């Protein structure tokens, strides 16, 4: 689903060093593995949609609209298409030319992150814990590969052979049917983080956490911390509050470490540094 790229890549790229400069769109090149090819970004899809939009923009107004702005606009439009609130996106970002899989791997929170680790990672970019919980709601339309949560199914705990007791047993069994143990040559398919309404931007992500059906350990961790758990519960009771908080956090996030003026460049091809 192409909406996964705009929403999820914005969340991920802003946790690495370059900020909102479309570095996640750059392809790997000789001597450099780009951020999009880092293991945490393996489930990103939809790059061709950004390519198509950029091509049409270049035909209409060459060298004016940056890839960073295209990605921000795409996130806004993707949100509206799946039922999220509309919002205005400030323009004027410029593109960076640095993209590093190593930085992505080192700076993106792992799927096993605790609530405090998530708070620290988002806090390093100037985002509050409350904004982190709101932005995590993007996972209501996200997907994750089996390898990112397989340890919860097969190798949890000190013995390395247990199952995560924080996960609903029926949900765990259903996931195990779709995700065989790793290392058996099995495929590593992406599964929806919200199996109930995977293409709707709603509060089922938070309801799933309350039901102990968070796909990633880092999702379920939001219920283990009293402060974040209170916000999760509040969102299940007030979808409108979630929508408002999410939009505000997206606007703030889209202004983090942007390149403007003469800094950076405007790439004509979002996949290639210029």
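Using N, Cα and C of the backbone, Cβ positions are placed for all residues, glycine too.
Automatic, uncurated: that is what TrEMBL annotation is.
Range 94-114 is the one annotated as region 'Disordered', of 73-93, 94-114, 115-135, 136-156 (source: TrEMBL). For residue 139 (heme b binding site), the nearest neighbour among the listed recorded positions (21, 109, 146, 179, 194), judged by C-alpha distance, is 194. Annotated Ca(2+) 2 site 140, 194, 197, 202; additional same-chain residues within 8 Å of its Cβ mean position, judged by their own Cβ, are 141, 196, 198, 200, 201, 203, 204, 205.
When other Cβ atoms within 10 Å of the Cβ of residue 197 (Ca(2+) 2 binding site) are tallied across all protein chains shown, the result is 17. Neighbour counts were taken as the number of other C-beta atoms within 10 angstroms of each residue's C-beta; across the disulfide-bonded residues 146, 270, the minimum falls on 146. Between residue 146 (disulfide bond) and residue 194 (Ca(2+) 2 binding site), the C-alpha separation comes to 14 Å.
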